[in-house]
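Over in TrEMBL, the protein carries these features:
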DOMAIN    A:23-133  domain 'PurM-like N-terminal'
BINDING   A:ASP25, A:ASP70, A:ASP206  Mg(2+) 3 binding site
BINDING   A:ASP25, A:SER40, A:ASP70  Mg(2+) 4 binding site
BINDING   A:SER41, A:ASP42, A:ASP117  Mg(2+) 1 binding site
BINDING   A:ASP42, A:ASP70  Mg(2+) 2 binding site
BINDING   A:HIS49, A:ASP258, A:PHE314  substrate binding site
BINDING   A:GLY116, A:ASP117, A:ARG141, A:SER208  ATP binding site
DOMAIN    A:146-299  domain 'PurM-like C-terminal'
BINDING   A:ASP209  Mg(2+) 5 binding site
Protein chains: 2
Amino acid sequence: MGEFDLISRYFHRPARRSPLGVGDDCALLAPAPGQQLAVSSDMLVEGRHFLSTVDPARLGHKALAVNLSDLAACGARPLAFTLALSLPSANEAWLAGFSRGLLALADEHACELVGGDTTRGPLNICITVFGEVPAGRALLRSGARAGDDLWVSGTLGDARLALEGFRGTLALDGDVFAAARQRMETPTPRVALGQALRGIASSAIDISDGLLGDLRHVLQASGVGATLETARALPLLAAGPAACGEDWALTCVLAGGDDYELAFTAPSSARAEVEAAGAASATPVTRIGRIEAEPGLRLLDGQGRALQRGFAGFDHFT
Amino acid sequence: MGEFDLISRYFHRPARRSPLGVGDDCALLAPAPGQQLAVSSDMLVEGRHFLSTVDPARLGHKALAVNLSDLAACGARPLAFTLALSLPSANEAWLAGFSRGLLALADEHACELVGGDTTRGPLNICITVFGEVPAGRALLRSGARAGDDLWVSGTLGDARLALEGFRGTLALDGDVFAAARQRMETPTPRVALGQALRGIASSAIDISDGLLGDLRHVLQASGVGATLETARALPLLAAGPAACGEDWALTCVLAGGDDYELAFTAPSSARAEVEAAGAASATPVTRIGRIEAEPGLRLLDGQGRALQRGFAGFDHFT
């Protein structure tokens, strides 16, 4: 099967909102007046971002989810995406599953596939996603201010827990492993929460490389520091510390990676509004610390003492 | 060296025209009022789109050039691009050369690097490019009409000639091979011509998969057919038919691939305007045939007889 047949069989759908979709040299996008276009690209490589054994439908979901998560972190509404795909062979069962998972999540967010590229090569998935955000209202990493609260959405560390289960580092109960694996393979991009936080949150980032690593980007961009209460963060592991012991639980929550939750800051006067944004988007939100003028990131244990322990960030390159 | 160091060392430059560039979850783009955004993604895989021996600066040039060529084919003005890069290792000499070639071409077209992703894996380069085009004025594949002339820009077949030189199929003179190799490795996207053809050309496509193959997309999208005079096309091989014999020359010109020239159609009443657009953009343009109501693509030889010969298109997947 040639490139063009592959594309049209699995990925070609008529353009809906976009002026021009798949099938010309370019797609055409027309952001509404007063809107800026938010753009993000993520590349997923077999063996690095996913295991070769992953269900293709789940992989299709995840490939788009990690990109939608970047839109969520900017408070943007999804519009469209392009897909570039390098495949070792034209495996129809794989393509059918992959496109099913991909397009189901796309439809859920009214995010239209408008173009792309298919080639033969080692399995590699590159998605570029486009969203709309009112001019000047995007959530940035640079807006955190001393005195703000530090919040996170959803649960943290589940993907890392599953990874350690796959690696055999941790022996997990069957149910715990299955639930953690589902979070790793089909993360939930917090798209509705991101939009609900516009005008409330002072900064936001999506947690793809681990809470501590990503939080450092916010602190650096904002020129501030933070104190994080690990006793508030620890319960965010969905399986609970009992699943793997408290030490591992803390590693998963603070330095797990692959979470695709939002870490965000907001003035402490806006606590009720943050809670309301969480409720309106059916997304749990948890306050885990505060932003301070003093640079650096300080971890407190349950007794309010400095936690003496190192955590490596999660980096898809090193 | 970690992902973040790599990005900031070689690819991080302050945003100029875009409201927000590299370093947040998303880049922000703000098309001017009345403009649509033209978007295209291309993925380049080692061994398939380039040889492992290619000079990294030339590869950086080509990776962006093939994307700018898609903007050219829509008549769009380049604005910005994202780069997703999978690399086997953080080779600094390679990164320095690659980024130099990439950013030199980007600067030439005022096309700003606004975001991306870096990961470890088999060498894979995925660029998504953004351009502006006045609403409703993009050049599409679907606008060719019976009676239109068929034109192409620049020279054709040089890249295929170089490829056959590398493969050892053709024994080329040193000068011929060097010139053809330069065209293969550093193609010239016809960005200025594409914009000059807005309002003149009725359809356009960039020739990446070979003239015949790409022309078929135009004919299909427009619901028309065409006659192509091979005697007009044959001289478009820069090295001339003497370099490889007439049979190979015709293969290179008609089914070569990797040309990144424009094939376009325009009413025969607009010949002077097409010539003027070529002159204004310092781009040679050559009329090689005509569009007809009868479906299909007919090739005529120098005596005006039907050419009895098959040509395979160029497909990066099969």
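FYI, residue positions are counted from 1 along the chain as it appears here.
Each Cβ is built from the backbone N, Cα and C atoms, and glycine gets one as well.
Automatic prediction, not curation, is the source of TrEMBL annotations.
Positions of the features from TrEMBL, shown on the structure.
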residue  : record                 : Cβ within 10 Å
A:ASP25  : Mg(2+) 3 binding site  : 28
A:SER40  : Mg(2+) 4 binding site  : 30
A:ASP42  : Mg(2+) 1 binding site  : 26
A:HIS49  : substrate binding site : 20
A:ASP70  : Mg(2+) 3 binding site  : 28
A:GLY116 : ATP binding site       : 23
A:ASP206 : Mg(2+) 3 binding site  : 28
A:SER208 : ATP binding site       : 22
A:ASP209 : Mg(2+) 5 binding site  : 22
A:ASP258 : substrate binding site : 24
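Checking the binding-site residues A:ASP25, A:ARG141, A:ASP258 against chain B with a Cβ-Cβ cut-off of under 8 Å leaves A:ASP25, A:ARG141.
In sequence order, A:ASP70 are the binding-site residues from A:ASP25, A:ASP70, A:GLY116, A:ASP117 with a C-alpha within 10 Å of the C-alpha of A:SER40 (Mg(2+) 4 binding site). Within 10 Å (C-alpha to C-alpha) of A:SER208 (ATP binding site) lie the following binding-site residues from A:SER41, A:ASP42, A:HIS49, A:ASP117, A:ASP258: A:ASP258.
Applying an 8 A CB threshold to same-chain residues 6+ apart, the list for A:ARG141 (ATP binding site) reads A:SER203, A:ALA204, A:ILE205, A:HIS217, A:VAL218, A:ALA221, A:SER222.
A straight line from the CA of A:ASP42 (Mg(2+) 1 binding site) to the CA of A:ASP258 (substrate binding site) spans 13 Å. When the C-alpha distances from A:ASP70 (Mg(2+) 3 binding site) to the binding-site residues A:HIS49, A:GLY116, A:ASP209 are tabulated, the minimum falls on A:ASP209. Non-local contacts of A:SER41 (Mg(2+) 1 binding site) by the CB criterion (under 8 A, 6+ apart in sequence, same chain) comprise A:ASN67, A:CYS126, A:ILE127, A:THR128, A:VAL129. Listed in sequence order, A:LEU83, A:ALA84, A:LEU85 are the same-chain residues at least 6 apart in sequence whose CB falls under 8 Å from the CB of A:ASP117 (Mg(2+) 1 binding site).
A:ASP25 (Mg(2+) 3 binding site) carries neither a helix nor a strand DSSP state and counts as coil. Here the CA atom of A:ASP258 (substrate binding site) lies 34 Å from the CA atom of A:ASP25 (Mg(2+) 3 binding site). In this structure the C-alpha atoms belonging to A:GLY116 (ATP binding site) and A:ASP206 (Mg(2+) 3 binding site) are separated by 25 Å.
According to its DSSP assignment, A:ASP70 (Mg(2+) 3 binding site) is helical.
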